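Features as listed in TrEMBL:
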TRANSMEM  A:6-27  transmembrane segment
TRANSMEM  A:34-56  transmembrane segment
TRANSMEM  A:62-80  transmembrane segment
TRANSMEM  A:87-108  transmembrane segment
TRANSMEM  A:114-134  transmembrane segment
TRANSMEM  A:172-192  transmembrane segment
TRANSMEM  A:213-239  transmembrane segment
TRANSMEM  A:259-285  transmembrane segment
TRANSMEM  A:297-319  transmembrane segment
Amino acid sequence: MNFSKIQILGVLVFLAVVFVGVPVFIAATGRWDFYFTLTSVALLAIASAGVWLTFYIGRINIGQGAFALVGAYVSAILVVKAGWSFWISLPAAGLFAALVAVLIGLPILRLRGVYFAMITLVLTQVATLTALALPITNGAKGITNIPLPGGISIFGITLIPDFSTLENARMAFYFTAIILMIITYAALYRLVNSRLGHLCRSMQQNEELASSIGVNITYIRILIFAISSFFGGVGGAMFGSISQSVYPATFVVKDSVDFMLNCFLGGLGYVFGPMLGTLVLYFGWDLLFEFGKYQMLIYATLLILIIRFLPNGLLSLRFGKGGGK
Amino acid sequence: MEQVMANGVYLGSQYAMIALGLTLIFALMNVLNFAHGQMYVIGGFVTYTFYGQWGVPFVLALFMSCMTLAIIGALIERYLFAPVIKGSAREESTMLLAAGIAFLLDALILLIFGEKQRGVPKIVDGVFNWDFRLIMPYDRILICVLAILSIVAFIALMQYSKTGRALRALAQDRTAAQLMGVNVDRYSMIGFALGAMLAGLVGGLLVTITGVNLGMGGPTSIKAFMMVMIGGAGVISGAIWGGFILGFMEAFGLAYLSQYGDITYLLIFVSLMIFLAIRPQGLMGKPWG
């Protein structure tokens, strides 16, 4: 992989903005609530990255909310009931979500187009109802009072401080979420530009053809769906830890639809589309709050106008119609 | 048992009408109309305004709600869906548009009608009682009959009229229909309007029994998606089957499973997933529709 100077510069500017620019801006303006908003954006962007990846093999995934919910519950149960450290429960939540995705994916990934979209929409509803029915999830009461993430230290050197001793946990969560998001998108970018990514692209265009030239399409789509759900599980687990509680309604169908909209809004052809889409959708909704009862009206109108005039996503503005990556 | 069957028919006939509109729009445009539930709610509110508030005869109010939705549907198709489908690299992009429209309609309903639950006076009074084995209010029977009549009328329209033939040709193969001289743009608009009109009709019918409120839109859309999946996307007979099957499952679930808590829907979802794993295209759908 060769990066052009502009790409490297872009990444550096992005890192400078999120690690230096945002904290300085927040300290200057005193809008400490932006930390929470931006943390949520980062976590939802991680889950949206998973949805984007399923789009990459030509499937419309409206079920990411289910995996985010699974991840949130697994992490919460491991921390509260089994006494695990949050930092171990985080990958465990992702892996469990991936495992669920493999089991569910085996039958349903054979479906295509609108059928896959609709069954994943139903899947979110199943996850919510299951969380209501199972005893381990405490039903509608949910799991509350999840402790803040503890510290990690190796040989006496503190790698991650205990969040409950920090005077500003919000800032710590912000940095954690941003770092996770950067890792996710770096992994996504690497994946898309790897051999596997090219195989995915061939599947997106024509599965039969890809299969006929020797691509193991069943294996690839299960793998991709598992990775996608891993992202969903990690994002959900982190979200549960920040709000310190998980309910069956933490992630519902509307969230799943939102994850999908993030990808569309940013642009399906661009790896960083879901990140931008999440920022615009979530932050935009927050900024429109001052319009009171007209918030929804303005938000929906803007959304419709964007898709009407930029049907290939916001990033297509810069790269021209149907242009490169 | 008789009671459960009757409830099944009653629920099924309404559901079938909701699913018909959704499946028609999908068959013609390949658009998953997320706003279908919201269109249904608007239909309910229009009938409420005319019949419940202004005292217009029910049939006229129903007609007004059909016309309102048909106009909304036609405008949405003409100015939003058609240009987006033309300009978009992947046709799934219309889902963002459909969701945006659902948000917009929700916002409009909230601003115009408020968030309160609204009901209208009964059309007919009295309860049909067959030896306490089958009890059903007359207005429910009337709505059920009206719903079934509308379904029959819709099928007749699709089967025998020129418009229906054109729409069916369009659903089968867009390009071929255009080559045979069907005005594709015009009939897409008519089809979309017809689908929206069905949502408005069933909304207007149901407001007399269940009332209507802002929050009904989303869940109705999800139910409609399920019915369409059961029957097969884009197939009209499939939508009717799907509607009745879901209606019966719900009626049986409510009658026999309600003592175990709210697991009826969980069971319906799980059996649907198993069913689709075995038969991905639904009962009568084309494979990979």
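First residue shown is number 1, and so on along the chain.
Backbone N, Cα and C define each Cβ position, glycine as well.
Curation does not apply to TrEMBL; its annotations are automatic.
Cβ atoms under 8 Å from those of the transmembrane segment (A:259-285) belong to residues 37-38, 40-41, 44-45, 47-52, 55, 60-62, 64-65, 181, 185, 188-189, 192, 232, 295, 299, 302-303, 306-307, 312-316, 319, 322-323, 325 of the same chain, restricted to positions at least 6 beyond its ends.
For the transmembrane segment (A:213-239), the partner stretch with the highest count of Cβ pairs under 8 angstroms, out of A:34-56, A:62-80, A:87-108, A:114-134, is A:87-108. Between the transmembrane segment (A:87-108) and the listed ranges A:6-27, A:34-56, A:62-80, A:114-134, the one holding the most Cβ pairs under 8 Å is A:62-80. Per-stretch counts of Cβ pairs under 8 Å to the transmembrane segment (A:172-192) identify A:34-56 as the leading one among A:34-56, A:62-80, A:114-134. Remote same-chain residues near the transmembrane segment (A:34-56) are listed as 22, 25-26, 64, 67-68, 170-171, 173-174, 177-178, 180-181, 184-185, 188, 191-192, 197, 200-201, 204, 224-225, 227-232, 234-236, 238-239, 242, 258-260, 262-263, 268, 271, 273-275, 277-279, 282-283, 286 (criterion: CB distance under 8 Å, separation of at least six residues from the stretch ends).
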